[in-house]
Each structure stands twice: as C-alpha cells, then as structure tokens.
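To start, the structure under review is shown below, and the notes come after it.
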Amino acid sequence: MDTQRDSPSLGRWSLVLLLLGLVMPLAIVAQVLSYQEAVLRAIDGINQRSSDANLYRLLDLDPRPTMDGDPDTPKPVSFTVKETVCPRTTQQSPEDCDFKKDGLVKRCMGTVTLNQARDSFDISCDKDNRRFALLGNFFRKAREKIGKEFKRIVQRIKDFLQHLVPRTEA
C-alpha cells in the first residue's frame, strides 16, 4: 500500500513551494528603490511637468538622512539640478545629456518613497540662490576679520600711549 509520503509528486511540490518561498522575498526586495534611484525618478517627473525648454539633470545630491526601513514612508530629500542641452521633447535620458553652459540651476526639496510600486514624490524646485548666500557669508566673514583687526589696532595704540606717559619714580 502506497502512502502519500512515498509519493514522488509530494516531494516535487515541497521543492516547488520551498523555491517559491525563497524567490518571493527577492521579488519584494527588488521593488525597493535606492535613495538615488528615487531621486532620479523624481527628476524625471520634474522634467515631465516642467514648462522649460530643456531637461534638467542631477547636479548635486545632499547626503542621505538617517531613515527608517519602511519603503512606503516618505523620505526627505534635497538636491540640485541643472539645465542640460537636451530639449524636453527628446526621448533621451537626462543622464545622457551634457549640462548647458550657464544653464539654469534649481534647488529642489521634498519627499520621495522608495517603494517602486508607489513611486510617489512631492518635490518643489526654486532657482538656486546659494550664490547669494555664499556672497553673504563672504561679507560676514570679511566684517568679522575687519572687526578683529580693528580691535587689535586699537589695543596697540593703547599700549603705545601707555608707554609714552612719563613714569614718576617714587
């Protein structure tokens, strides 16, 4: 009398189920985007919504903040894009386009999700005003240096004047 344990088909089904159990987690992991991949997808969305003539390409990606492991939770991102020489109507990937000389630079901030199936982002971009911020930092540092130098000069004058005063001997 044959039992089901001795059946070769039961062994095959067990093997198939075991293999499916091993493959399914890999399929789920494959659906999670890296931080940079999620940003690049957001840039594709920015290019699709843009009314500018040319595509934008990633110029600088700020360091990835510490995040939880949930790919469905929106992750904060900030990055800079620069205008390329490729027209927006082209089917080319922005990564294949050269940056336009003196092209417009935009600073972008918002959130992305790493879940490829959701593929959601909420990004807003503004003209990059870091040049003005750098100029402000330059003037602030210059003012600090001038202030320190002025104090040093005043102290030297005081020291000089103290040495000019005749000393009376007691």
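Heads up, the Cβ atoms here are built off N, Cα and C, so glycines get one too.
If you look up Swiss-Prot, you'll see 1-30 marked as signal peptide, on the strength of sequence analysis. If you look up Swiss-Prot, you'll see CYS86-CYS97, CYS108-CYS125 marked as disulfide bond. The region 'Active core' annotation in Swiss-Prot covers 150-162 and rests on similarity to another entry.
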Helix-strand-coil residue split for the region 'Active core' (150-162), DSSP-based:
13 helix, 0 strand, 0 coil
Including all protein chains displayed, how many Cβ atoms other than that of CYS108 (disulfide bond) lie within 10 Å of its Cβ?
23
Within a 10 Å radius of its Cβ, which of these disulfide-bonded residues (CYS86, CYS97) has the fewest neighbouring Cβ atoms?
CYS97
What kind of secondary structure is CYS97 (disulfide bond) part of, going by DSSP in three states?
coil
Under 8 Å Cβ to Cβ from CYS125 (disulfide bond), same chain, six or more residues apart: give me those in sequence order, or none if nothing qualifies.
ILE46, VAL81, LYS106, ARG107, CYS108, MET109
Averaged pLDDT, computed only over the residues in the region 'Active core' (150-162):
88
